[in-house]
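Data block below; observations after.
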């Protein structure tokens, strides 16, 4: 599996997919959804879908796919390679959600909890398959939360598709088992080849399973916690295990503001930051409009430099 795109930027979300088999554009297909890495305090969470025509479901079963948790890493790699070889009737897609994305979602001012993030990611992958033209007739999903509520939500979102949500679906439905293997192979590879954006000295990559109750994982967290900046982005700050270590090993930081001081520049820096960001975001659109105007022969439109001079002149007049 080529994860070079993730290795270039592992701070957000990365989507990867196989080519869509032509037969999946024509024949009704069954699609499975599963994840890997929901529980660990280290590394990304990966959601995956796998699909094939209903008429070829027995061929998928013949690959002897099974719940990825019951397979060794070498067995998962072998089965994924076999699915790649059978790309004439099997397709897949996956979303890699970085620990940084998970942390910022769960710790933001507006909370975006892991269940909601999981539901939206799974829904997005099903929609991605439909957008690619896959003729999805049935969807099987390993549940997150109450299966009845999750199924009702998906059924409302995709009214023309038969949706089934069940606990342990990865052990019940081969197409979900196949999705489970895709997700687990991607996560294992991502963790093994993780590129740390931080310049860490004496980096130890022997962090155990990554699960919160693993003593080796806890020892790694304590070894690599910074008293000011906390953990590398490989760590999910939103996990209780990480927060507990921060509470004991990191320094408290308090931000205070003297609101009684009559400072006319109070709030000036955030305002300037916002104005600068807005200007940068609008620059491509402004330049595009200017180029189109020049092509249309309208040379009377002021350039960006002229507008800057005009703004500076108005500002000086206000200051006077």
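Every residue, even glycine, has its Cβ placed from backbone N, Cα and C.
Among the candidates 95, 120, 131, 142, the one that TrEMBL lists alongside 34, 35 as binding divalent metal cation is 142. Cβ environment of residue 34 (divalent metal cation binding site): 47, 48, 68, 141, 142, 169, 170, 176, 177, 179, 180, 183 lie under 8 Å away, each six or more residues apart in the same chain. In sequence order, 45, 46, 47, 48, 118, 122, 142, 144, 183 are the residues near residue 35 (divalent metal cation binding site), counting only same-chain partners six or more apart with C-beta under 8 A. Mapped onto three states, the DSSP output places residue 142 (divalent metal cation binding site) in strand. Around residue 142 (divalent metal cation binding site), a 10 Å sphere centred on its CB holds 25 further CB atoms from the protein chains shown.
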